[in-house]
Amino acid sequence: MAELDTLDLVVLAAILLGTVAYFTKGKLWGVTKDPYASSLANASGAKAGKTRNIVEKMEEQGKNCIIFYGSQTGTAEDYASRLAKEGKSRFGLETMVADLEEYDFENLDTIPDDKVVFFVLATYGEGEPTDNAVDFYEFITSEDVNFTEGNEPALGNLNYVAFGLGNNTYEHYNSMVRNVDKALQKLGAHRIGDAGEGDDGAGTMEEDFLAWKEPMWKALAERLNLEEREAVYEPVFSIVEREGLTKESPEVYLGEPNKMHLDGTAKGPFNAHNPYIAPITQSYELFSVKDRNCLHMDIDISGTNLNYQTGDHIAVWPTNPGAEVDRFLDILGLTEKRHAVVSVKALEPTAKVPFPTPTTYDAIVRYHMEICAPVSRQFLAQLAAFAPDAESKAEMTKLGAEKEYFHEKISVHHLNIARVLDIVGKGQKWNNIPFSAFIEGITKLQPRYYSISSSSLEHPKKISITAVVESTQLPGRDDPFRGVATNYLLALKQKQNGDPEPCPFGLSYEITGPRNKYDGIHVPVHVRHSNFKLPSDPSKPIICIGPGTGVAPMRGFIRERIQQAKNGENVGKTLLFFGCRKSTEDFMYKDEWEEAKQVLGDNFELITAFSREGPKKVYVQHRLKERAVEINQLLEQKAYFYVCGDAANMAREVNNVLGQIISEQRGIPEAKAEEIVKNMRSSNQYQEDVWS
């Protein structure tokens with residue numbers, strides 16, 4: 001046998017190292033961690049996240065109730081926190097809230113039967129689990145699921161509670177909670193109370209949750225022999241003012257999302273815990289008419305590990321408008337202390353402070369709290385005890401207790417917490433409320449997701465956003481309800497285009513970011529991958545339905561096909577159904593469709609529906625019906641069918657019309673045609689990117 005020379009040894013060592021690196025990625029290196037988890041754990045004295053064993057964790061912390069959440073936008077996480085707090089204060093349960101992705105589930109069969117597990121599960125997109133629930137969902141619903149003990153039935157020990165968050169405008173309404181509940185029942189677990197379902201599509205999510213939890217608590221109290229007691233507020237967090245620090249102190253967070261950003265060393269991976277502060281290279285209005293603005297914005301991700309595929313989503317991390325920050329701090333009597341430095345510490349070992357500290361009241365309210373969101377009825381009931389006088393307390397109690405009264409006075413006007421306190425207290429300061437109650441009771445400020453309207457083939461390091469600036473006039477409100485993120489983007493667009501003091505609709509934003517780190521027109525972003533994708537074979541025909549800003553991903557698809565054609569590929573027939581109000585008012589990307597026609601020739605056609613230009617309103621679904629013969633022919637050639645936009649009306653109508661077209665053109669019953677449409681969906685031949 002020949003001896004190995006030095007070069008051989010070097011090569012073998014390199015191969016060995018490469019192999020080790022490959023198999024340890026995500027375990028020993030390349031691990032994405034919560035960027036400020038360690039500092040928070042140190043601050044609270046907790047050792048959170050040391051074990052992935054549920055039972056071990058519950059025993060270590062003395063818990064008898066664990067509430068898991070699967071959350072995409074923060075609502076399910078918020079409900080989980082509320083249930084934990086209520087279980088503790090009303091029934092003395094030792095509760096903990098847990099992110100599904102932080103634990104393993106093989107030992108669910110070892111949880112003692114005197115403990116209870118809650119699952120609060122949002123359904124994302126077309127019946128998919130949220131990002132943090134994917135592993136759990138695949139585990140619990142698999143055919144060959146294995147647990148540690150080999151019991152029969154496998155989960156005969158497990159007592160559980162289930163609540164789902166869904167949207168009835170999607171075909172797979174609340175499929176996460178339904179499928180998980182079915183899997184747990186099949187495995188022999190014991191559900192306590194009904195599996196609740198909240199409906200965002202009908203706008204009843206909050207009331208559905210409140211209606212479900214009362215009988216659930218009653219059933220749980222009976223099952224575990226719990227005694228209800230008078231609920232008294234017990235803070236989860238302590239707020240300590242730091243006398244020796246000022247907002248100029250380098251260790252104080254002024255809105256930076258994590259320590260890397262604070263230190264000025266932010267690096268990837270950029271994700272939902274760690275945004276990239278991206279330069280905006282170009283921004284302009286696609287149209288601007290009375291009370292309506294539509295933005296196009298190009299964001300540069302070069303020099304980062306961020307990448308996207310055509311059809312993905314971009315997340316924008318907004319900041320709250322200055323006027324609402326001022327209103328919130330003022331009603332709590334904190335205006336003079338807005339820049340006071342505070343440390344927030346968890347009093348409960350398993351609780352997580354939702355932002356890095358030390359920080360200031362101003363930074364917490366501006367960058368970390370959904371202070372502009374409509375307030376919940378349950379939260380008003382909780383705050384009644386801290387009212388400045390008896391009259392305000394009685395009103396808050398009534399608002400919290402009476403569904404119809406709350407709806408009439410608060411929810412129809414989309415009032416946020418500061419506005420409600422101002423109205424109920426008639427201008428008095430609510431300085432008796434512990435600030436911890438707001439950290440616990442107001443959802444964390446969430447990134448907003450937009451369908452990317454550029455092509456990764458054409459511009460791999462440039463992401464385009466197409467967004468209408470949200471402004472809704474509501475009855476009984478002096479000012480319109482304005483979207484947080486889109487108005488923030490409008491301010492950025494104004495600054496980029498020469499306005500030194502941008503103030504869209506009288507709203508100002510800290511657009512230069514904490515310590516001016518976003519200056520030069522930057523916005524914090526990350527990318528979320530989507531299943532909304534072109535066929536891998538570009539010769540396949542596609543039919544795109546994208547009225548209004550639903551045209552955003554369709555623009556990306558067509559830019560992709562233009563580039564594919566320029567690269568010499570065979571590109572199939574491409575139909576785009578686009579609708580807006582008037583051809584002279586809000587006809588987006590009109591010149592680009594001309595370019596598509598020049599490059600793709602007869603393989604591209606734009607079919608328009610201008611709803612307010614004729615004697616009666618015409619929408620994309622009407623135009624689709626008019627092209628029934630061609631649509632059916634394309635579908636028989638295995639054309640892919642894409643819909644983006646309003647789920648409640650347009651998307652549902654398009655789905656119905658497609659069934660009618662197939663029924664009429666093929667001479668088959670409508671029920672059979674509906675089955676064909678369902679099969680198209682399950683095989684990804686029919687894809688939706690819709691919102692309520």
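Each residue, glycine too, has its Cβ placed from N, Cα and C.
Listed in TrEMBL for this protein:
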BINDING   71-76, 122-125, 165-174, ASP200  FMN binding site
BINDING   ARG292, THR549, SER611, ARG612, LYS617, VAL618, TYR619, VAL620, GLN621, GLU653  NADP(+) binding site
BINDING   ARG448, TYR449, TYR450, SER451, THR466, ALA467, VAL468, GLY483, VAL484, ALA485, THR486, TRP691  FAD binding site
DOMAIN    65-217  domain 'Flavodoxin-like'
DOMAIN    273-535  domain 'FAD-binding FR-type'
TRANSMEM  6-24  transmembrane segment
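The Cβ of VAL468 has fewer other Cβ atoms within 10 Å than any other of the binding-site residues ALA122, VAL468. If you measure from the Cα atom of GLY74 (FMN binding site) to that of THR466 (FAD binding site), you get 24 Å. Maximum intra-site Cα distance, NADP(+) binding residues ARG292, THR549, SER611, ARG612, LYS617, VAL618, TYR619, VAL620, GLN621, GLU653: 25 Å. Considering only the binding-site residues SER71, SER611, the Cβ with the fewest other Cβ atoms within 10 Å is that of SER611.
Per Cα geometry, ARG448 is the residue among the binding-site residues ARG448, THR466, VAL468, SER611 nearest to SER71 (FMN binding site). Long-range Cβ proximity for GLY125 (FMN binding site), meaning a same-chain Cβ under 8 A and a gap of 6 or more residues, is found for TYR170, SER530, ASN531. For the binding-site residues given as TYR170, TYR450, TYR619, the lowest number of other CB atoms within 10 Å of the residue's CB is seen at TYR619. Of the residues the record lists as binding FAD, namely ARG448, TYR449, TYR450, SER451, THR466, ALA467, VAL468, GLY483, VAL484, ALA485, THR486, TRP691, the two whose Cα atoms sit farthest apart are 17 Å from each other. Listed in sequence order, LEU295, ARG448, ALA467, VAL468, VAL469, GLU470 are the same-chain residues six or more apart from THR486 (FAD binding site) with CB atoms under 8 A from its CB. For TYR173 (FMN binding site), the nearest neighbour among the binding-site residues ARG292, THR466, VAL484, LYS617, GLN621, judged by Cα separation, is GLN621.
Of ALA122, ASN167, TYR450, THR466, VAL484, all annotated as binding-site residues, the residue with the shortest Cα distance to SER611 (NADP(+) binding site) is THR466. Non-local neighbourhood of THR466 (FAD binding site): LEU286, CYS294, LEU295, HIS296, TYR450, SER451, SER453, THR549, VAL551, ALA552, ARG555, MET588, each in the same chain, at least six residues away, with C-beta under 8 Å from its C-beta.
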